[in-house]
Amino acid sequence: MLMMVCVVSCGEAAPGAKFEELYRSSWAMDHCVNDGEVTKLKLDNSSGAGFESRSKYLFGKVSIQIKLVEGDSAGTVTAFYMSSEGSNHNEFDFEFLGNTTGEPYIVQTNVYVNGVGNREQRLNLWFDPTTEFHTYSILWSKRSVVFIVDETPIRVHKNLEDKGIPFAKDQAMGVYSSIWNADDWATQGGLVKTDWSHAPFIASYKDFKIDACEVPTASDLSKCSGEEQRFWWDEPTVSELSLHQNHQLIWVRANHMIYDYCFDAARFPVTPLECQHHRHL
């Protein structure tokens with residue numbers, strides 16, 4: 001089990017790349033500013049902003065250090081996610097929901113498979129994500145998707161195809177981040193609106209890392225998905241969390257989780273099938 005810790009962490013050892021080596025601005029280019037080693041996305045009452053990876057990937061680990069919007073960020077959403085394209089897309093989301101000053105930041109994760117999402121979980125972060133940079137990572141293998149904050153797993157979405165449940169494994173994904181106004185739902189269900197007197201709202205990024213299998217084209221996945229291909233994330237020791245990581249995940253769920261779709265009987269009178277099989281979701 002000790003090897004698991006090394007396998008997950010080894011991709012973090014190398015220094016991060018420069019923004020322009022891995023990413024490019026995808027919209028509102030004047031609201032995406034490179035300031036030395038730090039890239040900033042800006043939201044004001046004219047526009048939000050976003051960036052995207054230059055390549056697409058199938059399996060691996062992506063990480064970014066982010067410092068979220070300071071002060072009164074109510075109504076804003078900052079997202080870091082992987083996604084494929086099309087109506088039947090796959091997607092793994094980190095969404096950071098803005099707050100009023102002094103309230104804890106909420107992080108929402110979600111998983112889309114074949115265009116179907118509605119798998120939200122929400123938790124309060126155990127630190128102030130606006131004062132320093134923290135590392136947010138997505139580890140994607142044929143066996144699972146793991147959401148990680150500062151090397152602490154906060155969610156594991158397992159491959160349960162053997163139970164008849166679809167899993168994201170056959171669509172290449174880009175890596176994205178964006179900031180936008182979502183005051184119709186983001187803070188206290190939309191009750192608290194964006195206070196534009198605090199604009200611009202700025203999310204800062206650095207230490208960009210992608211340790212993943214890059215596909216030549218979105219339709220040519222053979223380099224990354226063939227049975228003969230072996231990568232570090234395919235090792236058997238990556239298929240399960242270590243004992244320490246399991247304890248971390250249990251701690252996060254027990255102390256910081258505030259919403260789990262699996263237990264929302266109002267939305268799902270019949271418990272979703274994957275919830276019946278996941279030990280940790």
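Note: Cβ is positioned from N, Cα and C throughout, glycine not excepted.
Please treat TrEMBL annotations as automatic predictions, because they have not gone through curation.
Annotated features, as they stand in TrEMBL:
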- E91: active site, nucleophile (ACT_SITE)
- E95: active site, proton donor (ACT_SITE)
- 7-205: domain 'GH16' (DOMAIN)
- N99: N-linked glycosylation site (CARBOHYD)
Quick note, N99 (N-linked glycosylation site): same-chain residues at least 6 apart with CB under 8 Å of its CB -> D72, S73, A74, Y105, I106, T187
Row E91 (active site, nucleophile), column other C-beta within 10 angstroms, all chains, value 18
The average per-residue pLDDT within the domain 'GH16' (7-205) comes out at 91
Same chain, |i - j| six or more, Cβ under 8 Å of E95 (active site, proton donor); the result in sequence order is V77, T78, A79, Y81, V107, Q108, T109, N110
